[in-house]
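What TrEMBL records for this protein:
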{"type": "ACT_SITE", "residues": "A:D159", "note": "active site, proton acceptor"}
{"type": "BINDING", "residues": "A:Q35, A:E110, A:D141, A:G142", "note": "S-methyl-5'-thioadenosine binding site"}
{"type": "BINDING", "residues": "A:D90", "note": "spermidine binding site"}
{"type": "DOMAIN", "residues": "A:6-241", "note": "domain 'PABS'"}
Number of protein chains: 2
Amino acid sequence: MKNNSEIWFSDQQTDSVSLNIRVTNQLYHGISEFQEIDVFQSESFGKFLVLDGEVLFSESDEFIYNEMVAHVPMAVHPHVKKVLIIGGGDGGVATEFTAYPEIEQIDVVEPDEQMVEVCREFFPESTRGFDDERVQISYQDGLRFVRGRENEYDIIINDATDPFGHSEGLFTKEFYGSCFRALKSDGIMVYQHGSPFFDEEESVFRSMHRKVFKTFPISRVYQAHVPTCSSGYWTFGFASKKYHPITDFDEQRWNERNIKTEYYTTSLHRAAFMLPRYVVDILHEEEH
Amino acid sequence: MKNNSEIWFSDQQTDSVSLNIRVTNQLYHGISEFQEIDVFQSESFGKFLVLDGEVLFSESDEFIYNEMVAHVPMAVHPHVKKVLIIGGGDGGVATEFTAYPEIEQIDVVEPDEQMVEVCREFFPESTRGFDDERVQISYQDGLRFVRGRENEYDIIINDATDPFGHSEGLFTKEFYGSCFRALKSDGIMVYQHGSPFFDEEESVFRSMHRKVFKTFPISRVYQAHVPTCSSGYWTFGFASKKYHPITDFDEQRWNERNIKTEYYTTSLHRAAFMLPRYVVDILHEEEH
């Protein structure tokens with residue numbers, strides 16, 4: 001039956017900007033121990049997951065985020081065996097890593113079990129990595145999980161999104177220090193770096209770079225176009241103990257893997273680190 | 001006095017997606033011979049111009065568009081004397097070109113004189129190039145202006161936005177052919193190529209590339225993040241008779257000019273031509 005009502009979901013990007021998406025159905029609504037969880041069906045973005053009123057990802061653009069988070073460090077680090085994904089309850093990033101046969105273990109730490117169950121039910125494509133026997137989900141706080149671990153992971157992904165909500169602890173100097181120690185001596189951490197465009201978000205962007213720049217010897221920022229993110233423009237941090245994202249990038253090795261992608265290419269890899277002048281200037285200002 | 005009413009302007013990107021901007025005031029409303037013109041004041045985007053209900057540009061992101069349109073061909077073409085801007089009534093692109101002392105003439109063709117007057121009144125920063133004596137505005141149809149001209153311009157910018165509205169003629173094969181003839185034997189045309197992300201816009205994106213690819217020996221697409229554009233992701237066509245946007249790009253020459261930018265850098269120049277896999281695939285499919 002055709003749905004004649006117009007239902008619009010509004011994703012508030014700042015106090016005065018929102019991305020509005022017409023939805024055909026609300027597929028799920030629930031309140032977990034940690035957050036409010038909604039799943040909507042839409043024409044333009046397919047199904048999308050909403051946590052506490054904010055879009056976490058949509059079927060039509062999650063590939064951009066997942067590929068840029070997973071393939072960039074994998075095309076740099078020459079021998080990855082153990083990966084940790086903090087806050088990866090939607091499974092998208094873990095699934096991307098399962099494409100690499102040399103990886104032996106992928107630990108996913110996600111406090112919210114209900115969120116994982118909702119994703120399993122409504123986003124089987126994203127969560128299919130959870131069925132890979134190398135993937136282990138721990139339902140606990142990311143900060144607690146990583147604290148005290150030493151010299152264990154080749155790659156750590158901080159997939160948590162919200163510097164103000166229940167994942168606040170994942171954006172502190174202490175957390176970045178714990179990740180540094182949990183990484184092997186040639187480990188790489190990739191983390192969400194937010195969007196620098198709106199004035200309201202610039203201070204978080206600055207503070208993240210300041211903290212990580214002081215903790216890791218190599219700290220670079222790269223970008224992608226993710227329509228459901230704030231202003232459609234998202235950045236990622238590449239923090240590393242040894243490998244540089246461009247000079248240690250092995251284009252040929254990655255291309256020989258023949259991994260099918262929709263966004264990432266090895267040309268785009270280099271290009272993603274070339275940032276607009278205003279972003280370069282912001283980052284430089286925090287590097288002292 | 002504080003404005004307590006919540007007024008939201010809705011920029012409809014597709015039938016089921018809109019970017020909503022809270023406005024503090026409507027500064028102008030008028031109906032010209034060609035279109036409805038509005039100017040709003042907002043917190044997140046500053047002042048912004050709306051034509052027939054769609055955002056044309058905002059104070060806070062126009063620099064991205066203007067710089068990427070002007071500096072990319074200028075960093076490639078070695079001796080530019082004469083530039084034509086079709087549909088550049090807001091002045092932003094013309095103003096960017098006035099930064100180059102070697103340019104002798106900048107022709108702006110804009111049918112809507114009222115739109116130019118509104119921009120002069122509310123966007124003095126964008127339109128300040130109109131006061132440069134090298135800039136000549138012709139109030140007429142772009143297609144008619146360019147038709148019949150031969151071997152005259154070094155660079156032509158097609159700044160018109162709307163393949164369906166009153167500027168429809170500026171997206172036809174005939175128009176691209178006229179631009180080809182109006183360019184000198186080493187001329188470059190840069191044009192708006194739209195956004196390939198939403199399914200609704202993909203066919204326009206494809207058809208533009210198909211037409212231009214058949215007309216010009218060199219035809220490449222480059223990208224930028226423009227928040228007020230559809231899905232925040234915008235592309236530009238670089239169509240050229242002789243110069244290639246990467247192999248004929250002279251980084252050192254451009255940097256020696258010391259032109260102040262907020263978005264463009266010579267690193268970003270190269271990077272902007274590295275497109276996501278799904279966009280590369282779409283373009284390849286139209287190249288036969």
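Positions of Cβ are set from backbone N, Cα and C atoms, glycine also.
The shown structure was predicted, so the numbers you read here are calculated from the model rather than taken from an experiment.
Where TrEMBL records a feature, it is marked here on the structure.
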residue : record                                 : Cβ neighbours (10 Å)
A:Q35   : S-methyl-5'-thioadenosine binding site : 21
A:D90   : spermidine binding site                : 26
A:E110  : S-methyl-5'-thioadenosine binding site : 26
A:D141  : S-methyl-5'-thioadenosine binding site : 18
A:G142  : S-methyl-5'-thioadenosine binding site : 26
A:D159  : active site, proton acceptor           : 26
C-alpha of A:Q35 (S-methyl-5'-thioadenosine binding site) to C-alpha of A:D90 (spermidine binding site): distance in Å?
14
Model confidence over the domain 'PABS' (A:6-241), averaged pLDDT:
94
Express the distance between the Cα positions of the residue listed as 'spermidine binding site' and A:D141 (S-methyl-5'-thioadenosine binding site) as a whole number of Å.
16
Taking the Cα atoms as reference points, how far is A:D159 (active site, proton acceptor) from A:E110 (S-methyl-5'-thioadenosine binding site) in Å?
10
S-methyl-5'-thioadenosine site residues A:Q35, A:E110, A:D141, A:G142: biggest Cα-Cα distance, Å?
16
